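Trainee: I'd like to ask you about the structure that follows.
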Amino acid sequence: MNVPAWKWILVLVVFGVCFAAFWPPEQRLKPGLDLAGGTTLVYTVDIPGGRDPAQVIDETIDVLRDRIDPTGTRNLVWRRVAGNRVEIQMALASPETRERREAYYDLQAQVLERNIDRRRLDAVVRLAPEARDREMQAIAGDDQHYFEKLQLYAATQDFAAALREPYEAAVAAFEEQQARLDAMPEGSDGRATVEARVDDLFEAMQEATRAYLEARTQRDEARAAVLAANIEPYEIQRVLDQPTRPIDNDDPQGPTYRGVAEEEMIAAHDDRAEVLEKLFEAWTAYEAVKGPLDDPNDLIALLRGSGVLEFRIAPYVDEIPAETYLEQLRERGPRAGGDQPFRWFEVDEPEDFEPDPQTLVTEYAGNQYILLSNTRDKALTKDTEGWQLVSTSPTQDNVGQPAVAFTLNDFGGQLMSQITGPNQGKPMAIILDNRVISAPTLRSKIGARGMISGGTGGFNQQELTYLIRTLKAGSLEGQLSEYPVSIKTTGSAAGADNIAKGTSAARLSLIVVSVFVLLYYLVPGIATTLALAFNIVIILGVMAMLGATFTLPGIAGIVLTIGMAVDANVLIFERIREELQDKKRELMIAVRNGYDKAFSSILDANLTTLLTCVILGATATSDIKGFAYTLGIGIVATLFTSLFATRVLIELYLSRVRSLPMLTLVFPFIRTLLHPRLDWIGLRWMVLPLSITLVSWGVWMVNERGEDLLDIEFRSGTQVSFTLSDEGMMENAEARTRVEALGEVSRAMKAEGFDPASLSPVQSELLPVVAGIEQDSADRVARQMADYEQSIEEGLTAEAPGKPADLSLLIGAAVVPEGDIEGTRASGFSVSSLITDADAVSAAVKAAFADVLDTTRPIRFADSGIRSVGQAPVFAIAESDGEVATLGDNIGRPEVTTDVTEFLGGVAIVLDDLQPPATLDDLEQRIERMRRQPAYEPLGFRESMVIPLDLSEQTTEDGTPLYDAVVVVTRDETTNYAEDPSGIVETDGLADTEWSLVVDALSRDTSLNSVSNFSSQVASYLRNNAIAAVLLSMVGIVAYIWIRFAGFDKGLAATAVLALATFAGGLGQLVIAQWLGIAVRGEGFWILLAIAVTPPALVLGIVTWYFPALRYGPAAIVALVHDVTITLGVVATAGWLYQRPELDWLALTDFKLNPAMIAAMLTIVGYSLNDTIVVFDRIRENRGRLPYVTKAIINESINQTISRTILTSFTTFLAVWVLYYFGGDAVHGFGFAMIIGVLVGTYSSIAIAAQLLLIGRRPVGDEAPPEDKLPPIVSER
């Protein structure tokens, strides 16, 4: 047989393209959050009345994306989900990003090591001469020039100190004689002598003062020379903030702004040239990959702190000391001067910005800046509460040029009138997130309604769109809820574990299935094995080319594809075996007939499974979509590899070898075993009662378990998972006892007449923990309720917050072992509770397992819940006495005498009552790590120090002191609160941002693997989506089978009737629910479900009875309902059996219905239908031209396909068995449901579906043919 070259070339090209698309996989495949680690946040959006929610949410997403991630470097995924919700997916930073960041900060630490602060320098020069020289030599190292500077400072310090005593003595002598003179009456004896003495002493004092002051000046200059050699962190940041574009736009290869700044710093500090060069190189490397956030709190902070809109008047040059502000910009940068009447702001789009020539505009570091007003009478800023931009729209100015109209609320209109009235004719800058987007001239006084014109030429369409969009960005019509309604987090360790277990399961399933296929089919088995590998390459390649996210359920989809892909090859090879063994065909004809006859069954089976994938992709959550994508792509790949690629391989083999050995051809007795002559119809009186019993048991079990069978995604609540430290193990009973102990304390607290003395010692220790967690939760909910009520008052659509945490609900919470499980012990656990406050559940679990969680846990402190810096314990640092700033004088604790002069003008943040007490090193590291996070990195590096206040009675194991109270002092070169203490309450100022940073740093927690939280609204949405997905799958499958087996016209007409009935059921459910006030939960759920399914069920029953040609559809549906119900019943039963030690070998757990389990159910639907269609297709083939089917036809069809059914079920079972035992906790429940589904689906396709075709059968014609004979004409396609 000659195989056309184009066939094998096409196979090689497809393989090569797909392989090249995903290799290397670690770079080309995009891991999902469950593999890479990350967080999914769901926010609600307040929708103004009368607005289209979809449009408002899409605008909100566009605006937020522009604010938070304009360049896409943060790797955020934004989606509109049901109703008024926005889903934001945030991947964790990659290991490479973290490594490069740590490398940069390590080098920065090396640069700063050479710095010496004033306190240490002064302490060194006061040492004894020998000790001082040793210390100075250690500081200077090999830098002799720096050592000489230190020596000079020491000498001038000694000289000044030596002159201080004579100076003080001269002053004291003069003051003593002056006082004596002042006490003597005029004209008294001796007065003249005293006056002469005073004059002499005054001259001596002047001389001593002059000498001492000169010495001090020399000392200060010498000290300044030493300190000038320091490289301050803000200086490094200022260099790195320079743009990387060329200074000369006409010379692209010329020097850049940053390059020149780097060279200047290296030249000024030649002693640190080498490490500075490495530092700048490390920053460039880090900058190339930086962006992804490390913690969901970073994203929450970014979402809270962005999109700030302001209006400021631009002063004319002749109204201000221009040179003073220009010098300030050159020397201190644009962030300085926050407490002055005018401030510098960067222009957002310099190329499109046309400033008024009378305003002060200049360049700094390659960027354009404009000076704007900073006083309340000339600025409408974020600090002014009560005003809001209501709307913006395109319009025309008085000469017909394009302009932008905007509307403020009433209070905003009053403020705008006060600002614009006295400043007509001047530019008013519009600022978004501290960047000037426009500075139009005020033509008239503006009130609540105003217009922004584009000057004589107006705005072009691009400028108009840009301005409207950015204005909306500053005042979104759809405001995000302050807190997410759902948080689902997977830690990096859990993600790595998911990758390891998922890929291991995929590899093992491929090996196991391949070995079986090779042993059974021999040479065709080789083609099948290559096709399986080819399938995986196509899936990965297409996923890479589409940029689709690869999730753990996606890996499960690949594993399932491995099992199901064998099905198509088994169909083909079993057909070939029939042609060779039963019909004695010639080899080449047998191969051709085998492929031709299997085509329709393969197409039907795979298209119906593809239908469930499409429905899953449209209705499932984002991680389950990964399963739908991979399985869907796998189905298409299976069609290509099984129908084309394996045929090419087989034909290439047969072109050289004229035999096709299979195990059944070599050992014919196997064929006899796999082709029984059973009377399957005769067994119906045995199988039907069995099925009825199993289905009834399933329905009873599901109803008995009730809502307990639902996971938190469908009920609302929180699930946290964690791994014990040091590879420890814990008894399941102990883990459950620890969790329930908190619940018991909570219940006791709420009991009438509660007496703390009645608690056990363990419970007494837990009492303050439980009380604190519940109080914090109540405070959070109160704040959320205030925001909700405000939204309602403003006419916005908003969702009410959940209830405060009631930890008594932890009694009976599901505590499920995870990770490594050995009998009744496990290395990790997940805790699922109906409490919707994720923070409260996380805190409770961390408290319960505090001694076995070895990671960073949050530190609580007094006032940590305060959000306004004006109410927080934050103090400005000012001078206490002369040149010295004493900490105690600034924070109201005179007993604290620590010198904080080097932080003069900065802030002191008091942290009292640290829980638990902490070491200074731990606190400093937490603050430093937080300063590096993206939410705070733009603030630049600020020098800070943690100063102890109250020593704890406890210590660490190695004796390191712990502290109950500390003070964090910080300074910023752009801020001086010593001159203007009132500026401490300024939003986004030094005090405000440092307070937020310290709170976030101490509240940061990394002790849990994952946290999943679903509000009741989200749970309801997911639950309804799951029901819709199942019903849509059923309707779609019936429609396809009707059209495929009954003809297009009849099938389409019946489908239309069924669709109308389904719609009527759904509509009736909604109407009755509203009329009776039934909630979609508990008993109400079953009532509404019955209302929804009754109309389509009646249609199916009528069709089955009266239209024989349409019986295939309802028969398949009954079989599917049978399979799903039994599978659900077994899943529900596992929740009763999993704690029995004798069943540990089954690896059971308390399986719950969640999106992954629904995906399993839909896959079971597809798989079971796959089997059923193969039988139906053989029945149709054997029926020939008969208008109906007989018992004999059904029996023979089942017997002919039983070998295929057993083989494909076995290979699929192998794949899902591997997934169940080795795929990890995330797909454990999915694997269990699939195992049961494969077994039940195989049984139903043989014993249930085909037999239903006989229901209501009426022979056509005068006499029906005998039941025990096949019709004389059998298709021989």
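Cβ coordinates come from backbone N, Cα and C, glycine included.
TrEMBL does not curate its annotations; it predicts them automatically.
Sequence annotations record features per position, and here TrEMBL assigns coiled coil to 191-225. Feature annotation from TrEMBL assigns domain 'SecDF P1 head subdomain' to 384-476. The domain 'Protein export membrane protein SecD/SecF C-terminal' annotation in TrEMBL covers 485-651, 1098-1254. Residues annotated as transmembrane segment in TrEMBL: 505-523, 530-548, 554-573, 594-620, 626-650, 681-700, 1026-1043, 1055-1078, 1115-1138, 1158-1176, 1205-1223, 1229-1255 (among others).
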Trainee: Counting Cβ pairs under 8 Å that are 6 or more apart in sequence, does the total for the transmembrane segment (626-650) and the transmembrane segment (1205-1223) reach three or more?
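Mentor: Not in contact, no.
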Trainee: What residues elsewhere in the chain lie close to the transmembrane segment (681-700), defined as a C-beta under 8 angstroms and at least 6 residues from its ends?
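Mentor: Non-local partners: 1122, 1125-1130, 1132-1133, 1191, 1194-1195, 1244, 1247-1248, 1251, 1254.
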Trainee: With a Cβ cut-off under 8 Å, give me the same-chain residues at least six positions beyond the ends of the coiled coil (191-225) that come close to it.
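Mentor: That would be 118, 121, 149, 152-153, 155-157, 159-160, 163-164, 166-167, 169-171, 173-174, 177-178, 180-181, 184-185.
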Trainee: Checking distant contacts: for the transmembrane segment (1229-1255), what same-chain residues at least six beyond its ends satisfy Cβ-Cβ under 8 A?
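Mentor: Sequence-distant neighbours of the transmembrane segment (1229-1255): 553, 556, 560, 680-681, 683-684, 687-688, 691, 1104-1105, 1111-1112, 1114-1116, 1118-1119, 1122-1124, 1126-1127, 1130-1131, 1134, 1148-1149, 1151-1152, 1154, 1156-1157, 1159-1161, 1163-1164, 1167-1168, 1171-1172, 1174-1176, 1179, 1189, 1191, 1194, 1197-1198, 1202, 1205-1206, 1209, 1212-1213, 1216-1217, 1219-1221, 1223.
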Trainee: Under 8 angstroms for C-beta pairs, at least 3 of them, ignoring pairs fewer than 6 apart in sequence. Is the transmembrane segment (505-523) in contact with the transmembrane segment (1158-1176) by that rule?
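Mentor: Between the transmembrane segment (1158-1176) and the transmembrane segment (505-523), which are separate recorded stretches, there is no contact, as judged by 3 or more close Cβ pairs.
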Trainee: In the same chain, which residue numbers or ranges, 6 or more beyond the ends of the transmembrane segment (1158-1176), come under 8 angstroms Cβ to Cβ?
Mentor: 553, 560, 564, 567, 571, 601, 604-606, 608-609, 611-613, 615-616, 620, 624, 627-628, 631, 1026, 1029-1030, 1033-1034, 1037, 1041, 1045, 1112, 1115-1116, 1119-1120, 1123-1124, 1127-1128, 1197-1198, 1201, 1204-1205, 1208-1209, 1212, 1229-1230, 1233-1234, 1237-1238, 1240-1242, 1244-1246, 1249-1250
Trainee: Tell me, roughly as an integer, the mean pLDDT over the coiled coil (191-225).
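Mentor: The predicted confidence over the coiled coil (191-225), as a mean pLDDT, is 88.
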